[in-house]
Amino acid sequence: MSALYMIVGTLVALGVLVTFHEFGHFWVARRCGVKVLRFSVGFGTPLVRWHDRHGTEFVVAAIPLGGYVKMLDEREAEVPAHLLEQSFNRKTVRQRIAIVAAGPIANFLLAILFFWVVALLGSQQVRPVIGSVAPESLAAQAGLEAGQELLAVDGEPVTGWNGVNLQLVRRLGESGTLEVRVQEKGSNVDSTHQVRLDGWLKGEDNPDPIASLGIRPWRPALPPVLAELDPKGPAQAAGLKLGDRLQSIDGIAVDDWQQVVDSVRARPGQRVQLKVLRDGEVLDVALELAVRGEGKARSGYMGAGVAGTEWPAEMLREVSYGPLEAVGQALSRTWTMSLLTLDSIKKMLLGELSVKNLSGPITIAKVAGASAQSGVGDFLNFLAYLSISLGVLNLLPIPVLDGGHLLFYLVEWVRGRPLSERVQAWGMQIGISLVVGVMLLALVNDLSRL
């Protein structure tokens, strides 16, 4: 992936999401008669600044990791008598709640807009047809077979593997029954299968829901002919060349690239013997595999790839919506992803999901770059998901976040008077500690994935 895509994708993502979030606060504050002193995108040294006719200073700062809206407030500085009514602290509790809630709400509205555009643009999806089912796996025990096409998971229709994965992610760490409706191969007959779950993937790092059921999606065969080599990878170091065809690994014949991938991933750090066909001659090559990940996520890495192949037209479907249908899709996806984000947080707190699944700025930058390089639709999807995460996280009742301020104002509304400044200060200290701790944990997780 190009570093340029990563940098540009990250800057665009943060710039758009932060600006929209802060604009929510700004717009409602203005409507409530609060004087806004500064609207800043980023922190630190201002790179660009200007003032509008209301005296608000607009700033684009050097560190693009957030932003803020500074409002007139007697608690922060002395306010001239003629401006007292424009102070944030002089507004009613309802007005203050509206101003604070407007930021996260803006993020949800932005996600709806992005999902609406994606639905209008349409996408080409691979039909979720099962390629193979591992013996004795959860899928095999439920009676699922190769050639069946998944139609719905837990009653939710699915049109592609992304939809399947989303529905499975919702069940991580749970016990019970997963209902899968499929269409039998070569017929229009539907059947429903019950997959038994028992603390499914509870606490697992980087879970792969589809693979863990024992399902491998159908895909065209890929001959194991090398078309890509990592200049610093084990394959290059061992002397493999573009055009080499792998015939066996440790004496086990391979005729499809997926066999190579499975074999390599299962041997992290091991030395393997390859038989390679090159220019009509069979060569023996010893190769020491690298290691990616840690713990249960450890896997072997070879540093080689093959060329893609054309998918049969019957295995692809175009999915798009009209303007009104797209609105429904956008609302539904935003609601679903918001609930999924909240559910994931709950499961992490209960230990049903590993905290190692938390991602920080490095992972965000990588995904931003990859999605930007992949196309407009993928990048807009990424922005929508990130905007939802920003909205949900900001609504958590943790002092220092918008949700913490909302909690204070709700308590004030119920009590008829605000909490003491000492209690609020304690809350802020606790909130800052929690937020910094989570940010450090996410950064450590990012670094462990490098």
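Glycine residues also receive a Cβ, built from the backbone N, Cα and C atoms like all the rest.
Since we're looking at a predicted model, the values are computed, not measured.
DSSP classifies E22 (active site) as helix under the three-state reduction. Listed in sequence order, F39, S40, V41, G67, Y68, V69, G103 are the same-chain residues at least 6 apart in sequence whose CB falls under 8 Å from the CB of E22 (active site). The active site feature in Swiss-Prot is assigned to E22; the stated evidence is sequence analysis.
Marked as Zn(2+) binding site by Swiss-Prot on the basis of sequence analysis: H21, H25.
As annotated by Swiss-Prot, domain 'PDZ' applies to 199-291.
Distant neighbours of the transmembrane segment (97-119): 16-17, 20-25, 27-29, 32, 34, 71, 88, 91, 320-321, 325-327, 329-331, 333-334, 337-338, 377, 380-381, 383-385, 387-388, 390-392, 394-395, 402-403, 405-406, 409-410, 413; these residues of the same chain sit at least 6 beyond its ends, with a Cβ under 8 Å from one of its Cβ atoms. Sequence annotations record features per position, and here Swiss-Prot assigns transmembrane segment to 97-119 (among others).
Below 8 angstroms of C-beta separation, residues 355, 358-362, 398-401, 404, 408, 419 of the same chain, each at least six residues beyond the ends of the transmembrane segment (425-444), sit close to that stretch. Residues or ranges marked as transmembrane segment in Swiss-Prot (evidence: sequence analysis): 425-444 (among others).
The Cβ of H21 (Zn(2+) binding site) lies under 8 Å from the Cβ of G67, G103, P104, A106, N107, L390, G391, N394, each on the same chain and at least six residues away in sequence.
Proximity of H25 (Zn(2+) binding site) to non-local residues of its own chain (separation of 6 or more, Cβ distance below 8 Å) is seen for V69, I99, V100, A102, G103, given in sequence order. Over the domain 'PDZ' (199-291) the predicted model carries a mean pLDDT of 93. Each residue of the domain 'PDZ' (199-291) gets a DSSP state, and the totals for helix, strand and coil are 17 helix, 33 strand, 43 coil.
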